[in-house]
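Remarks on the structure that follows.
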Amino acid sequence: MKIAVIGQSLFGQEVYCQLRKEGHEVVGVFTIPDKDGKADPLGLEAEKDGVPVFKFPRWRARGQALPEVVAKYQALGAELNVLPFCSQFIPMEVINAPRHGSIIYHPSLLPRHRGASAINWTLIHGDKKGGFTIFWADDGLDTGDLLLQKECDVLPDDTVSTLYNRFLFPEGIKGMVQAVRLIAEGTAPRRPQPEEGATYEGIQKKETAMINWDQPAEAIHNWIRGNDKVPGAWTEACGQKLTFFNSTLNTSGLVAQGEALPIPGAHRPGLVTKAGLILFGNDDRMLLVKNIQLEDGKMMPASQFFKGSASSALELTEEELATAEAVRSSWMRILPNVPEVEDSTDFFKSGAASVDVVRLVEEVKELCDGLELENEDVYMATTFGDFIQLLVRKLRGEDGESECVINYVEKAVKKLTLQMPYQLFIGGEFVDAEGAKTYSTINPTDGSVICQVSLAQVSDVDKAVAAAKEAFENGLWGKINARDRGRLLYRLADLMEQHQEELATIEALDAGAVYTLALKTHVGMSIQTFRYFAGWCDKIQGATIPINQARPNRNLTLTKKEPVGVCGIVIPWNYPLMMLSWKTAACLAAGNTVVIKPAQVTPLTALKFAELTLKAGIPKGVVNILPGSGSLVGQRLSDHPDVRKIGFTGSTEVGKHIMKSCALSNVKKVSLELGGKSPLIIFADCDLNKAVQMGMSSVFFNKGENCIAAGRLFVEDSIHDQFVQKVVEEVGKMKIGNPLDRDTNHGPQNHEAHLRKLVEYCQRGVKEGATLVCGGNQVPRPGFFFQPTVFTDVEDHMYIAKEESFGPIMIISRFADGDVDAVLSRANATEFGLASGVFTRDINKALYVSDKLQAGTVFVNTYNKTDVAAPFGGFKQSGFGKDLGEAALNEYLRIKTVTFEY
């Protein structure tokens, strides 16, 4: 069929291309004249194909068709006119000329919303259904007979752009092609339009788009979204015309608190909040506006209205500079009248129109493979310099908002000036707790107060979980490629390394960790952990599985590993940063978001870590950190219906309670690393000197505040006395002192309550008849220092033989020479099974003992040798689930099975 296409825009271009693919002959294209030297996309495409293109500025004069225009049209011999999107008035001499007449696309369900702003009015009226109509043109305004209609649901927050992009554009193209096909087949219907329900609304212009505030919130919301992006709903405020975009009625969780924005005629002043601008209808319901355009055309997040643009300019890498130049070339092609694109060049002031926005977005997305870029981003950053900054932030995984304001406590320590955040970290911002509640965090070296830290309340947990859920379901974190997620975690690890001295010093200050150990282990292994799991991000794979075929058809079954969602992580006080890293790195690598509760007594490195996530570009809401009590914060995380996983390290008693709460709330996935009473068996055929050194480390490492510490040493009778003698000699060489001193190897216990428990533990051991060889008391100096302690003659029935001290207390028991099975029986006679160890030169004995020990980790001729690649976790009442290694990822993933039939 010979077709004349009359119209413009990318929509017209796509319809033209599809009609040619269907085999129709497009005999001519009629489009609008070039604007500022730029041709319309429809005309450009037709010219490339050698199709005659006509660009009449008008078809009529004084209501009469121009004869020369009609003559050029008639010379083509078209059998059908197709008007996919046309802004010109076409005379009836042209409309009625072809054998099959003319068909027009209209973006509403006629007879409703006749007129040029049909999409706008569909939204303004709050219609629940939208769609398009293809009708036979007549001499009325959108009144012709109906040929084809398709409808869709209108979502509560749809705008002109989202409705157009989701349905009206892609389905409209298909609809036009289908309509032409029906005409060619002779089956196209002609149904008269009913007059019942018919409406006509005028074209929406800027001067008519002013907001009427004397109506309910829903009506105001519909007005704003119905005018988004063109012409833009506006109001007068702060002495200028403000245009509002991205409105939503979804205000659950929002509190009507913020900086007041007086709006003449409004029922109540607007409130500028961190979420955006809260507005009120005359029914007192809230709506939220996320973007504001100033009178000078500058677009900004509504949350930044009173702040301006506070983010500092990014320094671009060489690769990013190359990308910027490629984007500059795109701007040059789209803006041919601009001699040179500079940072100050404004896209729209240089002549760009909405169609150019679509072109720019598509070109940049093609240039930056996989980038999430939307038309709105161009409106938010109209100058080239701003656009490049926005683009680079997106490529880096940042959200592009202004830098977070961080309040610090500053302390000068050992030639370092520590800057320590002390507020809750929720949704990418440091904020006070509900009611501004705080508590003191104590320096265990001298008992002094380091600073006041925000004390999270139940409402703060709810806010943090909401932020994590939003980041998981709607944020950038769930959209970026797995490899890009890994890149962000690598950057975070690099930043941790750059700040390792500061982090180690904070660990020493807040947790009493010996600085040199903190640098190597607390911080060093944390860095290694994030690097290890960063490498896993793009290697989380499913499988294809052969199943019985549904003959004669066939089947394909595959599995996908998916993140579970919002995770709660509750960490202990012995390794504040390392325990955070062990769990959080795997959690984030799997694609989850997280709410972390650090131990109440050691919050400061976790909050410093939060700051580093901002610097690394981790999107807001992905990581949230809440210092506070277990009874409030930990309990609420366990009970919260939106938390899908809890990772916990701590006592068995609390672990049982968490497990119960997780089961009763929503059957959360749980992993628990709980108490231990790890046995270390030292045989007479060992390397005694090594056994002594490793035995010392197994107990006194990190002041005994070590989950896998050897809770009980079994020493073969023939070397027992010699072993004890050497241990006591080594204990005498240990320097107890300020953990910040580089030659200290034994610092203070973590907090005073724990120190008191250690004193009581030793008193009970003596009372039950164990021999106290050395230590057993607090060191007579300020702070929470406890003497390295050695007990011998410990019998199996004694309290100290069965219960964990979690301190620098060595418990030694004899066993008869050669009685391997008996000592194994004693070693396994515990409800704990976190770790264990054996020292022997006999490989057969080592293998046999390692087989029989009931523990998640067995060390042979070594101790404390954990590694980021080796799974770590316990048996029995020491918990279940793994940290570290590939196995840790499975704790934060769920497996979905998908089966196809074909």
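Note that Cβ sites are derived from N, Cα and C of the backbone, with glycine treated the same way.
Note that the structure is a prediction, hence the values are computed from the model and not measured.
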Residue from K205, K307, K733, K767 to which Swiss-Prot assigns N6-succinyllysine: K767
N6-succinyllysine: annotated position in Swiss-Prot, out of K38, K129: K38
Within 10 angstroms of K882 (N6-acetyllysine), Cα basis - active-site residues out of H106, E673, C707: E673
Per-state residue totals over the domain 'Carrier' (318-395) - DSSP helix, strand, coil: 49 helix, 2 strand, 27 coil
Nearest recorded site to S631 (phosphoserine) by CA-CA distance, among active-site residues H106, E673, C707: E673
Length of the line joining the Cα atoms of S629 (phosphoserine) and E673 (active site, proton acceptor), in Å: 19
Per-residue pLDDT averaged over the region 'Hydrolase domain' (1-310), given as an integer: 93
From recorded positions H106, S354, C707, S825, the one whose Cα lies nearest K38 (N6-succinyllysine): S354
